[in-house]
Amino acid sequence: MNSNYLLLPHFDPSIFTLGDSNIGLRWYGLMYLLGFVFARWLAVRRANRPNSGWTVDQVDSLLFNGFMGVFIGGRVGDVFFYNLDHFLQEPLYLFRVWEGGMSFHGGLIGVIVAMIWTSYSQKRNFWQTADFVAPLIPFGLGLGRIGNFINLELWGRETNVPWAMIFPNDPLLLPRHPSQLYEAFLEGLVLFAILNIFIKKPRPMASVAGLFLIGYGVFRFIVEYVREPEVENFFGIITRGQALCLPMIIGGAFIMAWAYSRKSAVIK
């Protein structure tokens, strides 16, 4: 082990547990909770603006559906995108949520389903819902990556950069990129700033959702180069995460082009 790099302590992933059980509050779960609290605060603030088109009750319904979408989609996505072999050997693994395991791409699919349902039940244009939701997401994503860092999981590849860190649960105790912190900064703070600056200017409907897909996809694709892959690469070229980001980038670019071609639907 190289003593020139920061050796992280063993963080306890649990804030507290009930007796000898695995049931309790974990730092990762707290990050999700704080992300939703912040999202509601920001959403209610925007809903209370004149001519927002939203009421607080509608926002609460949307966020509840979104929470369920993130939880169910994130868990199912983690199992089927990254742990399918484990699931096939032990199907009940899907329900052992206390062991952790959430996928952003699965959570995104869950949120899209939640937005479709909310738009239908509120008789609202889907893109109006998507544009409202997109700027609420990045801050929570950043907090989720902080949770990954505390859990000492999803670390980066070996490196010799001055800020490399040694994770105590790494069997090889190698200096690695703190890729969780890179993602927290890019997917969290930077993307949050980009989207919330973008919505202050006139823009066509659906453009905010498209920009979110492009922004997240590009940032995640970049960080994957320094993140230790969870599963095998595709054709030895790109990681599973990068493969899942490509449709986001392409889809986001298509949505942006389509949105700007509809010049009549400009939101001020």
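Quick reminder: no glycine exception, Cβ is built from N, Cα and C everywhere.
The annotation transmembrane segment is assigned in Swiss-Prot to 23-43 (among others) on the grounds of sequence analysis.
Remote same-chain partners of the transmembrane segment (62-82), defined as residues 6 or more beyond its termini with a Cβ less than 8 Å from a stretch Cβ, comprise 32, 36, 39-40, 43, 93-94, 97, 101-115, 117-118, 122, 129, 132-133, 230-231, 240, 244. According to Swiss-Prot, the transmembrane segment annotation covers 62-82 (among others).
The transmembrane segment feature in Swiss-Prot is assigned to 97-117 (among others); the stated evidence is sequence analysis. For the transmembrane segment (97-117), the list of distant contacts is 13, 22-23, 26, 28, 62, 65-66, 68-83, 126, 129-130, 133, 137, 141, 144, 151, 153, 216, 220, 244, 248: same-chain residues at least six beyond its ends, Cβ to Cβ under 8 Å.
According to Swiss-Prot, the feature transmembrane segment maps to 132-152 (among others), an assignment based on sequence analysis.
Here Swiss-Prot flags 179-199 (among others) as transmembrane segment, drawing on sequence analysis.
Swiss-Prot lists 206-226 (among others) with the feature transmembrane segment, giving sequence analysis as the kind of evidence. Within the chain carrying the transmembrane segment (206-226), a Cβ under 8 angstroms from the stretch's Cβ atoms is held by residues 104, 127, 130-131, 133-135, 137-138, 141, 156-157, 159, 177, 179, 182-183, 186-187, 190-191, 194-195, 198-199, 238-239, 241-242, 245-246, 248-249, 251-256, 258-260, all 6 or more beyond its ends.
Sequence annotations record features per position, and here Swiss-Prot assigns transmembrane segment to 241-261 (among others).
Outside the transmembrane segment (132-152), and at least 6 residues removed from its termini, the chain residues within Cβ reach (under 8 Å) are 8, 10-11, 13, 26-32, 34-36, 38-39, 42-43, 46, 54, 62, 66, 100, 102, 104, 111, 115, 167-169, 178, 180-181, 183-185, 187-189, 191-192, 195-196, 199, 208-209, 211-212, 216.
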